[in-house]
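**Q** Pasting the feature list from TrEMBL:
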type: TRANSMEM; residues: B:21-45; note: transmembrane segment
type: TRANSMEM; residues: B:51-69; note: transmembrane segment
type: TRANSMEM; residues: B:76-93; note: transmembrane segment
type: TRANSMEM; residues: B:99-121; note: transmembrane segment
type: TRANSMEM; residues: B:128-146; note: transmembrane segment
type: TRANSMEM; residues: B:166-187; note: transmembrane segment
type: TRANSMEM; residues: B:216-235; note: transmembrane segment
type: TRANSMEM; residues: B:255-282; note: transmembrane segment
Amino acid sequence: MEKFCQNACEISCTIQMKNITKAFSGVKALDDVSLSVNMGDIHALIGENGAGKSTLMNILGGKYSHGTYEGTVCMNGKELKLNSPRDANEEGIVMVHQELALIPELSVAENMFLGNMPLKNGMVDWKKTFELAEETLKKLSLEIDVHTKVKYLSIGQQQLIEIAKAINLGGRVMILDEPTAPLTGREISFLFEILRDLKKHGITIIYISHRLEEIFELTDTISVMRDGKMITTQKTSDMTHHDLVSYMIGREMQEFYPQDETQTGKTVMKIENFSVEHPTYHGKKIVDDVTMEFREGEIVGISGLLGAGRTELMSAVVGAYIKKGKGNVFINDKRVELKNPKQSINSGIGFITEDRKGNGLILSKSVAFNSSLAALNRITKNRLLNKKRETQLVLDLVDRLKIKTANVQNKVSSLSGGNQQKVVIAKWLATMPKILILDEPTRGVDVGAKFEIYTIMKNLAKAGVSVIMISSDLPEVIGMSDRVYVMREGKLSGELKKEELSEVNIMSYATGTITA
Amino acid sequence: MELIKSNQNQKLKAVTRFAKENFVIIAFAILLIYGSLASPAFLTVSNIKTVLLQNSIYAICAIGMLLIVITGGIDLSVGSFVVVSVCFTAGFIQDGHGILAIIFVILLCIVFGIVSGILVAYAKVAPFIATLAMMTILKGIAYMYQVGQNRRIDGTFLPKFIQGNLWGIPIPVIILALIFVVFAVILRKTKYGRGIYAIGGNAETARLAGINVKKYLIITYALGGLLFGIAGMILAGRLSMGTATVGEGYELDAIAAVVVGGASLSGGVGSVTKTLIGAFLMGVLINIMNLMGIASYPQMILKGVIIVFAVLANRDN
């Protein structure tokens, strides 16, 4: 076997995974997959959720130990028999997970050295810990105080700390799983700078992402997986956006964003001079004097950088935010004061939050439980919940949204990200909203499910629902919206009509290069 | 070949999952079979009656605890509620309030429950701490009211009723059966029931879905107080007196029953049926050991072992 590896590996390649097959209780998650990654490359690994990317990377990262799969893994001509992530770390392979694994109550430095703190006489050497942490952050030109507790950092900063942690572990090969999902445009470009810099230092990066634009911008090579198989590996420069999407979904995709014309009707919701105070800084406004208007059958995008106050605005409007908003909200020309989510549901507003796992779903409960949760009134008969009505409601939604689950009694935690997101949407459709607010509706969702979610949004608009989409994904905002509001530092900085939509226009309002 | 293998695998998995989900029921059945083999006295009408009677108070407390555990909370003041209820029921009856005494005490226990609920829901005090405080407060109130002496209520309506039978079934068992049915329906069939599972699963998700989390939490602690109060009244009736020396460790037995019955202390999971069986599993175990002449210290050890086993069996993966 050792010999095979040497023969199979060219000098230039660092990692070679050959004929990997892995099954979970009889179902093949990986079917004869081979992957080779060149030294110092940024290598994209893409595919829909469930394509097998994570399984493959978990083998490389040591999570699935040697012997639980078929095939060989080699690095620099040597076969690897990894039994744990620790083994992998020792070989220089470090995985940066999608779910942030930092401990909020500990400092940046403590988090960076968690599990391998420098010791002196058997005790933690704090001085050295902080010094080393500072050194690493300086290398990455990150200006973060290593004494700060992680909970005070933005999600973007936390992601960067994760990467710093990986560098600390001496990673020569870094696996990044959806690193940009929680990041804003500015943070993403910063991350890319860091990754390119790491590449210059000879570090190999395997980059898993759903965002195709990023892949074209950043990577050297692309491998596409689908249904547990490796479909193709090509140089990034040889591929087009269109090729990539067709490889991923296995069919030609005519238009990524559904382009049905929708009929815009009368104004259903108006927000007037709306302000929200910052939850911690007294006197500072996180939303500042915003006026917006939403119509029937229209999809309105709300764009802006992270921290622009988009989410805070909408959650304060529906009464879901910690701080109450000041200003007027009109629904069908009637002034309303929505004090809590219950009242906003009764007023016909659905609010799909950005944090699916944190407050969108109850992961330990079933698809049916989650789908009917916001619409219990609709399944109540004689003051008791009616099982028949519930089943009917849930099956209808599962069918309408094409939620892939064998049984509606299965836990939502067993579904893929895209299907989980559809369950959240199902929960809100069950309330039959007149106004549906979606905050980052396709974050962490695979391409196929993305398209389905777009179609659902279009269909809702066609049925006369006023759809409001908060999104940091510019192509999505441009592709889906009939009109876009751009926010910047709590203020409304611009409004763009469909024909004015472009990345440049939106970004100039979002960053303040133009002001309204 | 592989297909058959994976088929068998899946069947095995389904069986294991079934066994895990219904661990308490299976364990209970095994215990019953073992008991009837181990002692001829076990499966006699009088023994069954004794077991039911002895454990109905614990089982009622366990159902109250279950509601609170489903919301992700815990109640350490069960025993103190029982003591307050025992003392005040006997005291009020002695003072000649008659049937009004029952209503007073029920309202009192509900009010105390509401206090715990407000502490948890509005003041955001951790349930462990809020009910720890309630535990000593209520116990103090009971002692102060009792001032040392026991209050005999022999011959009044309460002991007569509680010590009686209906269709040959002891009254406390009938009360338990009623409570069981009512709460099984509440948990399974009402918006409130659905709501507390949601709160225990993820309170923020529940709130955003329009569930009035604070109100539901207060109702839950109030219902807990009601059930613990009822348990105390039954105890007063059985003892024919009010005394502040009872109720010790009731909360722990209730927690044990709930946990053995498969509920998760992190909330969102639990069933009334399994909790009831969990309570009786412990009761029957002790009964069998008594019949077999096992001393009480080894009994305590075995009780602990059962709790550990139940929790291991209930764990996912």
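The backbone N, Cα and C atoms fix where each Cβ goes, and this holds for glycine too.
Remember, TrEMBL labels are computer predictions, not curated facts.
Have a look at these and tell me how they're positioned relative to everything else.
**A** Remote same-chain residues near the transmembrane segment (B:21-45) are listed as 260-262, 274, 277-278, 280-281, 284-285, 287-288, 291-292, 306, 310, 313-314 (criterion: CB distance under 8 Å, separation of at least six residues from the stretch ends).
Beyond its flanks by at least six residues, the transmembrane segment (B:99-121) meets 73, 75, 77, 81, 84-85, 88-89, 92-93, 127, 130-131, 133-134, 138, 157-158, 213-215, 217-226, 228-230, 232-233 of its own chain at Cβ-Cβ distances under 8 Å.
The list of residues near the transmembrane segment (B:166-187) in space but at least 6 beyond its ends in sequence, with Cβ under 8 angstroms from a Cβ of it, reads 49, 52-53, 56-57, 59-60, 63, 67, 70, 193, 196-197, 227, 230, 234, 237-238, 271-273, 276.
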**Q** Any chance you could find the range in B:51-69, B:76-93, B:216-235, B:255-282 with the most Cβ pairs under 8 Å to the transmembrane segment (B:128-146)?
**A** B:76-93
**Q** Cβ pairs under 8 Å with the transmembrane segment (B:51-69): which stretch of B:76-93, B:216-235, B:255-282 has the most?
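**A** Answer is B:255-282, with the largest number of Cβ pairs below 8 Å.
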